[in-house]
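> Sequence annotations record features per position, and here Swiss-Prot assigns NADP(+) binding site to Arg48, Arg54. Look at Swiss-Prot and you will find Arg125, Ser126, Ser127, Asn238, Ala239, Gly278, Lys293, Pro294, Thr295, Ser296, Ser297, Arg319 tagged as FMN binding site.
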Amino acid sequence: MAGNSIGQHFRVTTFGESHGIALGCIVDGCPPGLEITEADLQTDLDRRRPGTSRYTTQRREPDEVKILSGVFEGQTTGTSIGLMIENTDQRSKDYSDIKDKFRPGHADYTYHQKYGVRDYRGGGRSSARETAMRVAAGAIAKKYLKDEFGVEIRAYLSQMGDVSIDKVDWNEIENNAFFCPDADKVEAFDQLIRDLKKEGDSIGAKIQVVATNVPVGLGEPVFDRLDADIAHALMSINAVKGVEIGDGFDVVNQKGSDHRDTLSPEGFGSNHAGGILGGISTGQEIVANIALKPTSSITVPGETITKEGEPTQLITKGRHDPCVGIRAVPIAEAMLAIVVMDHLLRHRGQNHGVKTETPKI
């Protein structure tokens, strides 16, 4: 079956293409009684929206979301929530040159080989434009988690190219176009993007996403471990090539005596595991990092082939992000929120009455 849905109890299904009439999604499983408006969803959509700064694509889409169903008089009804965003700034002529060519590093070749037909306009379904609906659905999950359980999910850009942050100030993230928590690194990020634009090239990035106040006990071993589902969700984001939970690949250099998160009546002594043990949340912060590749939509000529298999060169035209990691910050938040929301509802349904003699730390 086509992989257009994620989640079990809180299930999100998206549809639409980059240059199609509209994007949409269906959200199933949201409990009734959640106060929600289009404005609540728009806040996160505006953070992801293209054309909002000189550092991202200049495609200007208002990304105004419409709630089609599942909400009555400002409250969720418990039925399917239908959401839609109309596409308004398509420039399909920019892609006429790739109608019969495959952009190297993109999904053009694989989509063509799999389906036998390809919407070449902006990448069609493979475009990151699809993630607008993930952000809209994730905003519902974020609001429910915060209102009902005090769970907060936030993310930031921690590295772009060879420029890494040195500190994290959560209050600084919304003060700059990079979602950067280190004010001292904003200028370096700015200069890096300027240089890339002159070169017609792009760069990769790293994002950290954190969930706080997550209850202990979320996760369904063995195949639906919480960290497994988080990795699945984050890896489904366009351009993501790596996911780390907690210390991630740094554990290779750690000893067991250093890595283990010791316990005491006052709590855990560390959080190397990223808030998940045995696939189940510990009650600590859930911490994940994702690595995003540099986009291949650049003006530097590259070798490729035509649909007939003939060698050719290609320069990608159109409006593209020099670093896709910038606008991926709210997308990462949305995907983590969807997973945590799904597992919270699953846990509540099966384990609501479970009590132990051990106090929660």
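Each Cβ is built from the backbone N, Cα and C atoms, and glycine gets one as well.
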> Name the residue among the binding-site residues Arg48, Lys293 whose Cβ has the smallest number of other Cβ atoms within 10 Å.
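Among the binding-site residues Arg48, Lys293, the lowest count of other Cβ atoms within 10 Å belongs to Lys293.
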> Cα-Cα separation of Ser127 (FMN binding site) and Arg48 (NADP(+) binding site), in Å?
14
> Where Arg125 (FMN binding site) and Arg48 (NADP(+) binding site) are concerned, what is their Cα separation in Å, rounded?
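Arg48 (NADP(+) binding site) has its Cα 18 Å from the Cα of Arg125 (FMN binding site).
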> Ser127, Thr295, Ser297: which of these binding-site residues has the highest Cβ count within 10 Å of its own Cβ?
Thr295
> Please report the number of other Cβ atoms within 10 Å of the Cβ of Ala239 (FMN binding site).
20
> Sorry to bug you, but what's the C-alpha spacing from Arg48 (NADP(+) binding site) to Lys293 (FMN binding site), rounded to the closest Å?
18
> What number of additional C-beta atoms lies within 10 angstroms of the C-beta atom of Arg125 (FMN binding site)?
19
